[in-house]
């Protein structure tokens with residue numbers, strides 16, 4: 001086994017300098033073994049598209065069913081976990097799935113992730129109490145974290161990098177559109193059929209994708225024995241990373257909602273989680289022989305800048321999605337289905353910019369200008385969003401969402417391409433860079449959602465207190481409503497008398513605007529990151545190394561005085577000819 005890996009590392013090093021060559025997977029196979037064409041490519045990529053769409057849909061489809069579920073199970077105090085349980089588990093396990101895919105193979109790792117996601121969805125659909133529902137969401141999130149990492153890894157390995165922009169454009173459009181239309185589908189099911197269909201829908205679609213991948217996606221398996229596979233699992237690193245991230249995010253999720261920020265539970269979670277994350281960094285970068293996050297990735301600035309761009313993009317995106325929805329539902333009185341229509345000005349530019357950027361990258365091969373332009377659109381667009389008020393016209397509401405939607409397509413596409421182009425050439429780097437990219441994206445979205453909730457609740461609390469001081473006569477009509485109930489359930493504002501309702505709407509709008517300010521700051525940081533992107537162009541077809549380039553160069557390298565290399569060279573040629 002070691003001879004085979006040595007041969008592949010020799011092949012990596014032997015490629016002519018003018019040719020672009022990605023690292024091999026680190027599992028005994030070459031990058032050329034993974035490419036697909038024809039029907040297997042179409043069916044495998046289509047299955048990846050479907051599964052990514054489903055896990056993105058699952059992030060937001062539950063928005064409109066939370067009240068119904070809380071009423072069904074008489075557990076309003078736990079409804080926040082229906083969303084948090086999914087998002088947290090997605091973020092926690094996103095990075096480890098990349099390492100597992102090297103050890104056990106991308107095909108079986110992806111199929112295992114789909115099984116977990118489907119099993120979690122079935123648990124949710126059949127749940128007879130809130131605890132089972134939350135458990136199902138956590139299980140689905142673990143599988144979803146694997147799907148979101150592995151779909152981009154598998155999609156990257158299916159096609160050469162010069163063809164990848166269009167593939168990523170389709171995947172990016174699937175993710176963004178599914179995230180936005182989730183509330184529409186969830187609302188339609190909840191109102192017209194049953195909330196359980198929000199989870200049943202995953203079963204047939206996921207089943208089709210699973211069957212198609214099983215039959216059409218057949219990459220060469222990793223060339224490890226089971227003993228070697230187990231030896232490559234960093235159990236200590238996985239424990240430290242997962243437990244640290246779980247505790248830290250739990251502290252942020254609990255703070256200000258389940259418990260006061262100064263409570264022992266919140267402080268303990270944040271402090272202990274932080275300590276475990278620090279211990280993970282020490283273990284991973286200093287002692288681990290099978291790093292989950294390789295040192296060369298974190299020490300490559302041109303990889304880290306795109307990674308941070310996606311962190312800030314999703315930090316602001318999830319905040320916008322959550323509280324723009326609150327704006328339309330609470331202040332504008334939009335129903336579940338009409339809410340989706342309100343987001344069309346976001347969806348349409350996202351799809352156009354995603355696909356348009358993919359085509360433009362394919363034609364021009366210039367990456368950085370599109371990234372910087374997307375960063376400018378994001379910073380300006382989210383800044384314009386802060387102009388939204390209670391009485392914004394339809395034209396204003398449409399216009400405010402266009403630039404944020406367009407920026408999403410530009411930044412999503414260019415960031416992952418930039419990451420992969422600058423990935424180190426050591427074995428397995430492309431896979432681990434892609435999973436690290438998705439880990440950062442999930443972490444940004446989770447932290448963004450948690451911080452947005454904290455800012456909204458705190459701001460609304462303060463603004464309602466100020467409003468009561470300024471208008472005590474109006475708030476005498478509150479009757480059975482108290483301050484805490486208004487903060488925890490802003491939709492109660494629509495039941496107030498008109499004069500009081502107008503004041504409360506202004507309070508809610510002010511709290512939403514504060515969330516937009518933070519989202520705008522996040523997008524400004526994303527823009528700064530794009531300025532630091534690599535100037536490297538996407539390689540053209542004739543600039544990408546082919547199998548014959550590698551073998552031919554190995555032939556030359558092993559000739560003459562380097563006779564000691566002949567056994568390895570012969571083995572590599574034999575393996576290449578067999579494929």
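Counting starts with 1 at the first residue shown.
Quick reminder: no glycine exception, Cβ is built from N, Cα and C everywhere.
Keep in mind that this is a model prediction, so the values were computed, not measured.
Per TrEMBL, these features apply:
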type: COMPBIAS; residues: 547-566; note: compositional bias 'Basic and acidic residues'
type: COMPBIAS; residues: 567-579; note: compositional bias 'Polar residues'
type: DOMAIN; residues: 44-538; note: domain 'Major facilitator superfamily (MFS) profile'
type: REGION; residues: 547-579; note: region 'Disordered'
type: TRANSMEM; residues: 41-67; note: transmembrane segment
type: TRANSMEM; residues: 79-98; note: transmembrane segment
type: TRANSMEM; residues: 110-128; note: transmembrane segment
type: TRANSMEM; residues: 134-154; note: transmembrane segment
type: TRANSMEM; residues: 166-185; note: transmembrane segment
type: TRANSMEM; residues: 197-217; note: transmembrane segment
type: TRANSMEM; residues: 238-257; note: transmembrane segment
type: TRANSMEM; residues: 263-283; note: transmembrane segment
type: TRANSMEM; residues: 303-324; note: transmembrane segment
type: TRANSMEM; residues: 330-355; note: transmembrane segment
type: TRANSMEM; residues: 367-385; note: transmembrane segment
type: TRANSMEM; residues: 397-416; note: transmembrane segment
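In terms of C-beta pairs under 8 Å, the stretch of 238-257, 303-324, 397-416 lying closest in packing to the transmembrane segment (263-283) is 238-257. When Cβ-Cβ distances under 8 Å to the transmembrane segment (134-154) are tallied for each of 41-67, 79-98, 166-185, 238-257, the top count falls to 79-98. Averaged across the domain 'Major facilitator superfamily (MFS) profile' (44-538), pLDDT in this predicted model comes to 84. Between the transmembrane segment (166-185) and the stretches 41-67, 79-98, 238-257, 330-355, 367-385, it is 41-67 that has the most C-beta pairs under 8 angstroms. Contact between the transmembrane segment (41-67) and the transmembrane segment (367-385) is absent: fewer than three CB pairs lie under 8 Å, with pairs separated by 6 or more positions in sequence.
Count of Cβ pairs under 8 Å against the transmembrane segment (238-257): among 79-98, 197-217, 330-355, the largest is for 79-98.
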